[in-house]
Amino acid sequence: MANIAVQRIKREFKEVLKSEETSKNQIKVDLVDENFTELRGEIAGPPDTPYEGGRYQLEIKIPETYPFNPPKVRFITKIWHPNISSVTGAICLDILKDQWAAAMTLRTVLLSLQALLAAAEPDDPQDAVVANQYKQNPEMFKQTARLWAHVYAGAPVSSPEYTKKIENLCAMGFDRNAVIVALSSKSWDVETATELLLSN
């Protein structure tokens, strides 16, 4: 990796470690390799959102051209959010694309992602199914996002009604993750979710 990128990432890595947000357990970053080309980030689900109480792991890859080009970031932890793919963890956020500026830092990225969890942009979605639910049925979206936060990010327990539907389909022999995705994308309708599971 180019020397300028390494020096910059080392400095930013230390900045995150010393930050007030890290001391409050809001953001975190760890090295994956000694070259500073791959990092593991973590953000806490913001208060008063369906993600509250969850911890979200992020894969952060630093390009050779950093800081002139943004890091490549994706969610490792599964999440139900209009701007994050429920399948791949890919993120739709302008600062990770054309609005990136060389003055931005790892800390900026982590805090921006945390802010995105609190303020979704459903009209610029990464996941159309989630965005549609967010706009058409906000209460169901919140319950679904909360359930995903519980199952995948360790947030406190969520909707007993949704949990029962998951258990019933799992008892039929379907894979738990596949069941959660099918029910979530089919508005928690057991019949259409079952049809989807049988067609895969």
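Even glycines carry a Cβ here, placed using N, Cα and C.
Record features, source Swiss-Prot:
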- 4-154: domain 'UBC core' (DOMAIN)
- K14: SUMO1 cross-link (CROSSLNK)
- K14: N6-acetyllysine (MOD_RES)
- C92: active site, glycyl thioester intermediate (ACT_SITE)
- S159: phosphoserine (MOD_RES)
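Separating the Cα atoms of K14 (SUMO1 cross-link) and S159 (phosphoserine) is a whole-number distance of 40 Å.
Looking at the residue listed as 'active site, glycyl thioester intermediate' and S159 (phosphoserine), their Cα atoms lie 28 Å from each other. Same-chain residues at least 6 positions away in sequence with a Cβ under 8 Å from that of the residue listed as 'phosphoserine' are, in sequence order, Q143, R146, L147. On the 0 to 100 pLDDT scale, the model's mean across the domain 'UBC core' (4-154) is 95. Of all the recorded positions listed (K14, C92), K14 has the fewest other CB atoms within 10 A of its CB.
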